[in-house]
Amino acid sequence: MYALYPTNHVCVYTVTCQTTLLHFSLKGAETHTHTEAPSVAANWTDSLAIDLLQWNNGLKDQEITGCVPEDEAYIPTYLEAFPPLPEKGAPGEKSGEPASAWGSKIRPIKASVITQVFHVPLEERRYKDNSQFGEGEEAKVCLDIMHRTGAHIELSLAKDQGLSIMVTGKLDSVMKARKEIVARLQTQASATVAIPKEHHRFVIGKNGEKLQELELKTATKIAIPRPDDPSANIRITGTKEGIEKARHEILLISAEQDKRAVERLSLEKAFHPFIAGVHNRLVQELSQETGARISIPPPSLPKDEIVITGEKEAVALAVNRIRAIYEDKKRKTTTISVEVKKSQHRYIIGPKGNTLQEILEATGVSVEMPPLDSASETIILRGEPDKLGPALTQVYAKAKSVMVLEVSAPAWLHRFIIGKKGQNIGRITQQLPRVHIEFTDGEERISLEGPTEEVEQAQAQIQEIINDLLVRMDYTEVNIDQRFHRHLIGKNGANSE
């Protein structure tokens, strides 16, 4: 009996009699002279079937003991010897027709590995001890997350002492890893959003799929009251940015299901700060005055659409008020553009965007920053002409509030400048805690970053250490055969001390 079993790209032919079992492994051109694509494989399988039948006849001629007697031998047809494998038909084909195992085209495999990079600011880091960076709790947490999700995680320390995190892997693994990183390495805030109780099930979705998707998308934990709980409040836990995104998405879901009036206004994103007001105070006042629910996308979400829901009269009133603010600002405001070094942008933004809100509150001018992942250094100020000057002054002041300096020092001298167990640098950072000092291996410079006055003081102290060391020390390289290195070092490093 003969049967063909395709196994990946290897075809195994099995010839069986009562006591004899022989295997033939065919692997493309390794065993056959044919090198055609799989679509022509049926041609040489015909030939192989004949060869195998002749081989079987040869077995009978040699009267191998244990096989089926000659009068009972049965030679199968080609279709019986090589039955086609059942496969799903291509779109449009009838399901009853068997698909050819050899004629089907191999579909291209799409890349399934992605990489996401995101930043955890210093003020939101759960573990702030940098003395054990790469070995402490952060490293243990990352190893655990990699083990649990299958994603690859790389941590690096930014100049502002924040964490830069790169996550690589399949989409599902990356999203799960990011959610766990945010939950375990970043300090968590919480907020509540109230929507009608009957809308909760739409946030949850079928079998909880919508809720899971929303949690992964925003890297938050969303707690929805049980059906028997009369509360309409949904609690969101996560980072400030994640909470804003989740809240916005939940309100949109509720708005879609709200049987009352729903109005969508597509207004330029640049004018949203004037509608929201400082720390969203204006939009909250509008909501209280009109009774309508107003959802403005957070700054991190590039959407122009503002959604207003509620009773028809309340929605109409809110729409008119918002349009009036928009038209007024569009008519009265103008813009100026300035170039500021990319490294200084974060000082203009401030922690959680607070500095931008301070400028808006003090001058009425909105400061538009390019995305952090963009190479652009252009900052746009939008406001009334007579207020742009004071706002620009504040922007420059914030940008220069932190100075970055470099001190030249030979690379070999760095460890002596740092001192034994970091004594020299530790003394400076204790006196000037807001100054960040960075040594880079192989580079003959030391970077200082912090408030201008303190950076200048740190620069003077480091320069004094360098001058003192250069008077007392020198450096040269001597080439010595590697065989003698251990003798120079001495037992337990006795000679190198």
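Please read every residue number as a count from 1 along the shown chain.
Even glycines carry a Cβ here, placed using N, Cα and C.
Feature list (source: TrEMBL):
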- 187-255: domain 'K Homology' (DOMAIN)
- 259-327: domain 'K Homology' (DOMAIN)
- 332-400: domain 'K Homology' (DOMAIN)
- 401-467: domain 'K Homology' (DOMAIN)
TODO: Pull the DSSP breakdown for the domain 'K Homology' (259-327) and write it out as helix, strand, coil residue counts.
DONE: 37 helix, 15 strand, 17 coil
Task: Residue distribution over DSSP helix, strand and coil in the domain 'K Homology' (401-467) - done: 36 helix, 18 strand, 13 coil
TODO: With DSSP as the yardstick, break the domain 'K Homology' (187-255) down into helix, strand and coil residue counts.
DONE: 37 helix, 15 strand, 17 coil
